[in-house]
Amino acid sequence: MSLSGKTAIVTGAAQGIGRSIALRLAQDGANIVLTDVKTDKLAVVVKEVEALGRKALAVTADVGDREQVYAMVQQAADTMGQVDIMVNNAGIVQVSSILDATPEEVETIYRINVQGTLWGIQAAAKAFKAQGTPGKIINACSMAGHESFPLLGVYCSTKFAIRALTQTAAKELGSLGITVNAYCPGIVGTDMWDFIDRRMVEETGAKPRETYNKFVGGIALGRAETPEDVAALVAFLARPDSNYITGQSIITDGGIVYR
Ligand SMILES: NC(=O)c1ccc[n+]([C@@H]2O[C@H](COP(=O)([O-])OP(=O)(O)OC[C@H]3O[C@@H](n4cnc5c(N)ncnc54)[C@H](O)[C@@H]3O)[C@@H](O)[C@H]2O)c1
């Protein structure tokens, strides 16, 4: 198995895309450190990882809090012996016109999406340096990190920022053998999209599922993305096959945004 003996940290691992990434990396041989603010749901995913024959550690942590992220990565290294892969997956979305965004909303989403990714990059790089090992940092971007959409402007701006952090981190850390890349999903039917669809009903008067179905209807491959589709790209970015790729934010959206 390509990730045998490796340890991967996955943030936002209690559900959705993060859960699927954790399970896929475990299938590929990695031990997994799962982190999220949803402690109860994390416990379920721990059992799922263990059922695949891998070690699992759950750490409740808020990625927007730098100290908590550093402490979580330290705990991961102490418990598992080493960390090799950091998946900065946790994120939130907001739906509102760019004219209506409030300071509180903007602070909240930047704290989690942008700062959360930045603290994850820093803490992982610190651990890899202390170990003297190469490592892989993999960030959750989005097709919305390549093209911005109406009523999703602030969210999209956080994903553009993550693309920038990914490029700079790759340039600064390359000489240490650390690669930094991002995955950019399209329309994945998780709780996040349920929330977007509900908010679109409120904002635009669309019928329930109308916005989701409209987006899915525009996908070249003719179906919505699954969390497993996203996890397949992350697994590639985590294994040695991707060792000569760094600084890239790779779109996996079935054909919506073309770059
Ligand atoms: N669903 C999609 O269509 C889609 C598309 C493109 C990108 N993404 C990105 O993929 C990532 C995962 O999205 P998802 O669809 O699985 O969403 P989700 O809402 O189902 O899951 C997100 C997870 O992150 C956790 N989280 C939120 N804030 C946190 C915090 N401060 N600290 C720790 N954990 C926190 C949540 O508790 C949850 O378990 C996000 O970064 C999202 O922006 C999703």
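Just so you know, glycine gets a Cβ as well, placed from its N, Cα and C.
Feature list (source: TrEMBL):
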{"type": "ACT_SITE", "residues": "Tyr155", "note": "active site, proton acceptor"}
{"type": "BINDING", "residues": "15-17, Asp36, 62-63, Asn89, Tyr155, Lys159, 185-190", "note": "NAD(+) binding site"}
{"type": "DOMAIN", "residues": "6-196", "note": "domain 'Ketoreductase'"}
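Known features from TrEMBL, placed on the structure.
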residue	record	contacts (Cβ under 8 Å, 6+ apart)
Gln15	NAD(+) binding site	Asp36, Lys38, Lys41, Thr190, Asp191
Ile17	NAD(+) binding site	Asn89, Ala140, Pro185, Val188, Thr190, Pro227, Val230, Ala231
Asp62	NAD(+) binding site	Val37, Gln68
Tyr155	active site, proton acceptor	Val93, Gln94, Val95, Ile109, Asn113, Ala144
Lys159	NAD(+) binding site	Asn113, Cys141, Ser142, Ala144, Gly145, Cys184
Gly186	NAD(+) binding site	Met143, Phe215, Ile219, Glu225, Ile251, Thr252, Asp253, Gly254, Ile256, Val257
Practice task
Using a Cβ cut-off of under 6 Å to any atom of ligand 1, determine which of the recorded positions Gln15, Tyr155, Thr190 qualify.
Solution key: Gln15, Thr190
Fill in the blank from the handout: Across all protein chains shown, the binding-site residues Asn89, Thr190 give the max Cβ-within-10 Å count at Asn89
Completion exercise
Under a three-state DSSP reduction, the secondary structure at Val188 (NAD(+) binding site) is strand
Exercise for the section: Enter the number of other CB atoms within 10 angstroms of the CB of Val188 (NAD(+) binding site). Expected result: 20
Handout entry: Secondary structure at Ile17 (NAD(+) binding site), reduced by DSSP to three states
Key = helix
Handout entry: Secondary structure at Asn89 (NAD(+) binding site), reduced by DSSP to three states
Key = coil
